[in-house]
Amino acid sequence: MNKEMTHKKSNGIIEWIDYRLPIFSFFKHFSYYQTPKNLNYLWTLGSIAGIALVIQIITGVILAMHYTPHVDHAFESVERIMRNVNYGWLLRYTHTVGASMFFATIYLHIARGLYYGSYKTPRELLWHIGIIIFLIMMATAFMGYVLPWGQMSYWSATVITNLFSAIPLIGEPIVIWLCGGFSVDNPTLNRFFSLHYLFPFIIVALVILHLLALHQHGSNNPKGIDVKSTKDTIPFHPYYTVKDFVGFGVYFIIFAYFIFYEPNYLGHPDNYIPANPLVTPAHIVPEWYFRPFYAILRAVPSKLAGVFLMFGSIFVLFLLPWLDTSKIRSGNYRPIYRIAFWIFMADCLFLGYLGSKPPAEPYIIISRFSACYYFCHFLVVLPLIGKYEKPLPLPNEL
């Protein structure tokens, strides 16, 4: 009897709250949210990216409690976190490795969208919000890379901020505004720390918009055809929550391996040397997730042209819904596009390799060919394939 009264009382409280703030209805919606019944494990990447973002925010907030954004103390404060803060080494490695894992997840998420045509109507805005999230992620990661104030941090900040000086007329004022002076110094570090703390919460807001856009027309699927009836769908919970947990398990196994066995594998040893404005590293290398764009930047001798191509390589993704003229979404039914897609993937990986190499021959000339194909894929190959390709017959149902 007492248990029944307690249960009714708790239900009454939940109903009272839900009537005024429908948070319980919102979570209940996920139990009944209908999704295509044929989604594969690549569709767990969105949930994994959400987990990665939460990990980055939690570890970042705790690390910020112990970090000192000052050029004389930043490097020492990071070393203090590693040595004197309880589990500071774990927090830092979780945050740094987590950034790489986050980007790896997002790159796979984007690749899945490219292959299955998730950018096509009516999901153009969903795609655009995703690319905006990617851009802010890149800005956040770059600013975070500067914070340890090692040699690679300092000189990467110097190289990237000086890129804006290539813009005619307004370039120099932009550089001074970014740096807070005529060079990378204490004001730069303070600004980057402040923005690095702010941007993840902007990403959270954009993720909410991303989910709203996703729920408007539902998920795409491997066949790329629209849901025609309820027999083509199943509830998100428990069918896809179970699948997501399998993906989480694989993700955390890989994550744990890098944290505990290879925490510095994806970093650069020069960043364990305190920043010295008088000593330039022999080879300035960004983090691995920036290297394809870095290779495009260095592919041409003109600084302005390099900056234009580097930013253009990202902004061309915004035009993708209109550059791909095919009416078929999924690459499973587009034999020529499927070949072009894998060539493009290989080209992106090759650009990443070239971005890690010194700016000398033969890497420069090879970078030009690779960068040329990168843009040709979007501006030439996709429009032509969409016009002349004969797709395979689409199935009638999922």
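Cβ atoms here come from the backbone N, Cα and C positions, even for glycine.
So that you can see what the record holds, here are the features copied from Swiss-Prot:
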- 45-65: transmembrane segment (TRANSMEM)
- HIS95, HIS196: heme b b562 binding site (BINDING)
- 97-117: transmembrane segment (TRANSMEM)
- HIS109, HIS210: heme b b566 binding site (BINDING)
- 129-149: transmembrane segment (TRANSMEM)
- 164-184: transmembrane segment (TRANSMEM)
- 192-212: transmembrane segment (TRANSMEM)
- 245-265: transmembrane segment (TRANSMEM)
- 304-324: transmembrane segment (TRANSMEM)
- 335-355: transmembrane segment (TRANSMEM)
- 364-384: transmembrane segment (TRANSMEM)
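For the transmembrane segment (364-384), the list of distant contacts is 295-296, 298-300, 309, 312-313, 316, 319-320, 323-325, 337, 340, 343-344, 347-348, 350-351, 354: same-chain residues at least six beyond its ends, Cβ to Cβ under 8 Å. The list of residues near the transmembrane segment (335-355) in space but at least 6 beyond its ends in sequence, with Cβ under 8 angstroms from a Cβ of it, reads 111, 114-115, 285-286, 288, 290-296, 298, 326, 363, 366-367, 370-371, 373-374, 377, 381-382, 385, 389, 391-392. Around HIS109 (heme b b566 binding site), the C-beta neighbours below 8 angstroms that are at least 6 residues distant in the chain are LEU45, GLY46, ALA49, GLY130.
The two recorded residues, HIS196 (heme b b562 binding site) and HIS210 (heme b b566 binding site), show a Cα separation of 21 Å. Comparing 97-117, 129-149, 304-324 for CB pairs under 8 angstroms to the transmembrane segment (45-65), the maximum falls on 97-117.
Listed as Cβ neighbours of the transmembrane segment (304-324) (distance under 8 Å, sequence separation of 6 or more from its ends, same chain) are residues 110, 114, 117, 119-121, 124, 127-128, 131, 134-135, 138, 163-164, 166-168, 292-294, 296-298, 371, 374-375, 378-379, 382-383, 386.
For HIS210 (heme b b566 binding site), the count of additional Cβ atoms within 10 Å of its Cβ stands at 22 [all protein chains shown]. Remark: HIS95 (heme b b562 binding site) has GLN56, THR59, GLY60, LEU63 as non-local neighbours, by Cβ distance under 8 Å and separation of at least 6 in sequence. When each of 97-117, 129-149, 245-265 is scored by its Cβ pairs under 8 Å to the transmembrane segment (192-212), the top-ranked stretch turns out to be 129-149.
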